[in-house]
Amino acid sequence: MGSAQSVPPEMRALAERTGFTSEQIEQLHRRFKQLNHNRKTIRKEDFDTIPDLEFNPIRARIVHAFFDKRNLRKAPAGLAEEINFEDFLTIMSYFRPIEMDMDEERLESFRKEKLKFLFHMYDADYDGIITLQEYKNVLDELMSGNPHLEKESLRAIAEGAMLEAASACMARTGPDEVYEGITFEDFLKVWKGIDIETKMHVRFLTMEAIAHCY
Amino acid sequence: MHPPGSGPTASPGPAAVPPAGAELLRWQWQEVQVPCLVAAWILVASLAKIVFHLSRKVTSVVPESCLLILLGLGLGGIVLAVAKKPKYQLEPNMFFLFLLPPIVLDSGYFMPSRLFFDNIGAILTYAVVGTLWNSFTTGTALWGLHQAGLMDPGVEAGLMDFLLFGSLISAVDPVAVLAVFEEVHVNETLFIIVFGESLLNDAVTVVLYKVFNSFVELGPAHIHATDYVKGVASFFLVSLGGTAVGLLFAFLLALITRFTKRVRIIEPLFVFLLAYVAYLAAEMVSLSAILAVTFCGICCKKYVEANISQKSRTTVKYTMKTLASSSETIIFMFLGMSAVDTSKWAWDTALVLGTLFFILLFRAVGVVLQTYVLNRFRLIPLDRIDQVVMSYGGLRGAVAFALVILLDEAKVKAKDYFVATTIVVVFFTVIVQGLTIKPLVTWLKVKRSDHHKPTLNEELHEHAFDHILAAVEDIVGHHGYHYWRDKWEQFDKKYLSQLLMRKSAYKLRDEIWDVYYKLNIRDAISFVDQGGHVLSAAKLALPSMPSRTSMSESSVTNLLRESGSGACLDLQVIDTVRSRRDKEDAAMHHVLRGSLYKPRRRYKASYSRHFISPDKQERQDKEIFRQNMKRRLETFKSTKHNVCSSKSKARLKEKGRKKKNISLPSDAPNGRTHRNVPWQEAAPVLVTVSSDEEESDSSETEREDDEGIVFVARATDEVLQGKTTPGSLDVCPSPCIIPPSPTLAEKELPWKGDQADLAVYVSSETTKIVPVDMQKAWNQSISSLESIASPPGIETGAQHRRFARPMLEKQPQSASQATPEQVSRFQFPSHISKSSRSKSDSSPEGAEQQELQPLMGTEEQGRGLPPAEHRRLAFSRASHI
């Protein structure tokens, strides 16, 4: 296992930036190299080689999120061609679990980070608003696993959800006002009922994985 | 009380003239005694519940279980005083065979399964390791006490006896835990861990109890090493066997409910019967019956709920809750009554206090130790407060009592002592801990659960979220929990659901859809509660009345504002406004009357759900909801629901011909009720018919009996003649202005027409409200919809044309060139169907539906247009045949 003494400085920098432990970084690095066949960067096609991902209905969207410059904290819009390991870690850090010693403030920002990531997944055109069409597209992908659900139901659900968001977020809408879509503030409101910070996490380092690798 | 023999002795007399008085009535107490007593006790317990709940203060402080135990004590005292001997005890047999199963079934069936499986690791640890730890430590410690000579010498018990006692006293009791924790409302995770533990520890308890019981019977001298091995093996056998029995019956149950379509009325019965049989079967082979019923409940729910009708669902729910609740009531009451039987008691202070102390101590120690280990694996660690609540929430209950009563006095010499101790422990945990846990939880500021109904957005996001997490796990390359859940869901979708769910249910089943549906109903009901004012304000658009969006604003200020410029606090003004308000109310009344009871035709294009209940009230709710939704949609500045899903019945017809040689038009009127149907309801028709498995009753489409299959039909030629419905208004979104179009639909119902071949039923909406400042995305989606749409789309096509892409624009025209005759012949001959099917192979999912319903292409907008064009190609080709 990576002991504390042998940690190279760049690794430590990475660890500080992303909040991962050096073991986790090593672990992820191994996986990273496995995915991109020992190249420096990872491209979209590399994700196609993951067999388990194949059946995921929103896989394209998820893979997309890895290359989203907003998520990479590089630019307000656009899509990266390829990402290096650091970017990979940045994306992965969205999925870190909360820590015991987090105070309220950090928890809140942690939560916002995670939600931002999700928001970007919905907001495909970088305009900061999830429009009905965008929402519907996500839904369409989500439900593609169920071929029996009619498209019309999707429409209805999307519209219902949008209406719900609209009514939750705009208390005082004039009749002429247009609800353009879900902004990030609204998105936060919508997610209020879900403890995202306790749910959005993946176990990055497990005993099993260690045993497997050493 | 007359002896029952008195009647028969008199009866052999002359049969013609019965002796006066003696034969008219007969006292037959003996014959009805047992059921009568049962009924009487249940009645007493239920009445007691009413009395308890008269005072909210009492029940908010004291858990019901405490009150019931106290009541039982009181009643037991009365019985003892009257009958001079203790009667009506909690019999272990009665408890295990009749009282426990409903509670366990209820908790299993309504177990939040997601939460349960999310925490299954922790639950299992606490249930297995925790219970083992508790019973061994408690047993040994008590034995130590005994060895130290602290106990009365009358307590004749060896190590095995104490271990036996430890095993029965250490198990957390599901009934008690549920009774107390339901009132405490701790957060879900905490609740599921404590409660899940109490359910799953049954296997451990049963095994330990049986093993030690047999060890006691054998005597310590005769126990061999193999017996220990057997004990361990029997643990796995009992727990896994019990679970397997449960799963087996869950499977059977799901399978059976799949075929109850025609016997709806006994659907709920199957649920109870099979679960009970599962319990008995497990009990019969001495497996863990609680595990069997729990898993039967957890696993069958999804499929059963999908299969049975809405009413059966409600019935199951209420019956289950009623049974469980009354069982619980009776258990606690009888527990109290059993305590007064002093003949069973043998008090030993050291034993009682020692037991109390040890179970509390070891529970706490066990929880802390296990949590310490578990937290290294859990991503959301259980903090100290959780641990305190978990330790303190380890309530003992009727299971322990029933088990201790079951002990054989001849073999377990200290039985009386154990009984007394158990009663004290149960009373202490239920009363003292039950009373104090609430203040404790408040004092510790334990995270409470917030009970809010899931919103549609939440459901959607969570759904997406699961996929995201699974995907990230895939990418990280770690086969964790999400990975396996994902795999399971795929398996379930592919095989289990198909096998266990009714076709129609399977096709429509979707969690998101369910939530959507439930929300709709809720919305409708709340709307009714509001009194429909929202509707009136937004919809009526009476000239005299400025539109209000909400009636919750205070009426006077609101009315003043409405009355125009110049705030005038003159009473008279208010009066006039009032009268205006009355007018509004009257108008609304008319609208409601006009639209609510026979609304179907007018509001065909709106939200709907997968079934129509014949229940008038329900339909009304839905209708109101629809209008409400529509109103909101309009404020939302989107178009109303465009339902243009044209449905081709070609395949249905083909099939009908093949099999029965009956053309559709002739059998349609007989087979179904014709109501206006929104598009979802059409789904089962389409789908069932296209499935080949549906045997002989292919023409009689599978439908729920509370689900109507109705078509919104518009005469195609009518549209083609260029008649536009006057309802397509930009200005006024009021539906009441939209002239009712049902006549159109009814006049020219395809199946009423002469052309027997007419196979295209086009369900469409008559009106489209297209706000000028619509969003671009919206415009595009609608215009594409219009253009892809079959003929009826044209009516509003003009409005959208400016948004429509040129190549899309052609379509309606080409379609419009089709004369009614052509359209009437419009069906997919088999080769066309095949070809278009093969074409759509590239997008296999829903390909058939797309083929059949060209209009569903709207959703394709985001993905690009080519697929839509494909479909249209097929469409127009077909139409030119």
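Positions of Cβ are set from backbone N, Cα and C atoms, glycine also.
So that you can see what the record holds, here are the features copied from TrEMBL:
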type: TRANSMEM; residues: B:32-54; note: transmembrane segment
type: DOMAIN; residues: B:42-443; note: domain 'Cation/H+ exchanger transmembrane'
type: TRANSMEM; residues: B:66-83; note: transmembrane segment
type: TRANSMEM; residues: B:95-111; note: transmembrane segment
type: TRANSMEM; residues: B:123-142; note: transmembrane segment
type: TRANSMEM; residues: B:162-181; note: transmembrane segment
type: TRANSMEM; residues: B:190-212; note: transmembrane segment
type: TRANSMEM; residues: B:232-256; note: transmembrane segment
type: TRANSMEM; residues: B:263-281; note: transmembrane segment
type: TRANSMEM; residues: B:349-369; note: transmembrane segment
type: TRANSMEM; residues: B:389-407; note: transmembrane segment
type: TRANSMEM; residues: B:419-441; note: transmembrane segment
type: DOMAIN; residues: B:583-672; note: domain 'Sodium/hydrogen exchanger regulatory region'
type: REGION; residues: B:644-707; note: region 'Disordered'
type: COMPBIAS; residues: B:648-661; note: compositional bias 'Basic residues'
type: COMPBIAS; residues: B:691-707; note: compositional bias 'Acidic residues'
type: REGION; residues: B:807-881; note: region 'Disordered'
type: COMPBIAS; residues: B:811-827; note: compositional bias 'Polar residues'
For the transmembrane segment (B:232-256), sequence-distant contacts whose Cβ falls under 8 Å of one of its Cβ atoms, 6 or more beyond its ends: 202-204, 206-207, 210-211, 270-271, 274-275, 277-278, 281-282, 285-300, 303-304, 307, 499-501
Outside the transmembrane segment (B:389-407), six or more residues from its ends: residues with CB under 8 Å to it: 90-92, 95-96, 99-100, 126, 164-165, 168-169, 171-177, 180-181, 186, 190, 193-194, 202, 205, 209, 213, 331-332, 335, 338, 344, 359-360, 363-364, 367-368, 371, 382, 415, 418-419, 422-423, 425-426, 429-430, 433-434, 436-437, 440-441, 444, 446
Within-chain partners of the transmembrane segment (B:419-441) [C-beta distance under 8 Å, separation at least 6 from its ends]: 61-63, 65-66, 69-70, 165, 168-169, 173, 176, 179-180, 183-184, 186, 332, 335, 338-339, 344-348, 351-352, 355-356, 359, 388-389, 392-398, 400-401, 404-405, 448
Of B:32-54, B:123-142, B:190-212, whichever stretch has the most CB pairs under 8 A to the transmembrane segment (B:95-111): B:190-212
Spatial neighbours of the transmembrane segment (B:32-54) far in sequence, C-beta under 8 Å, 6+ residues away: 64, 67-68, 71, 75, 88, 326, 329-330, 333-334
Model confidence over the domain 'Sodium/hydrogen exchanger regulatory region' (B:583-672) (mean pLDDT, whole number): 48
Folded-back contacts onto the transmembrane segment (B:263-281), same chain, C-beta under 8 angstroms, at least six residues removed: 97, 101, 104-105, 109, 245-246, 248-250, 252-253, 256-257, 289, 292-293, 296-297, 300, 304, 308-309, 311-312, 315-316, 319-320, 323, 705
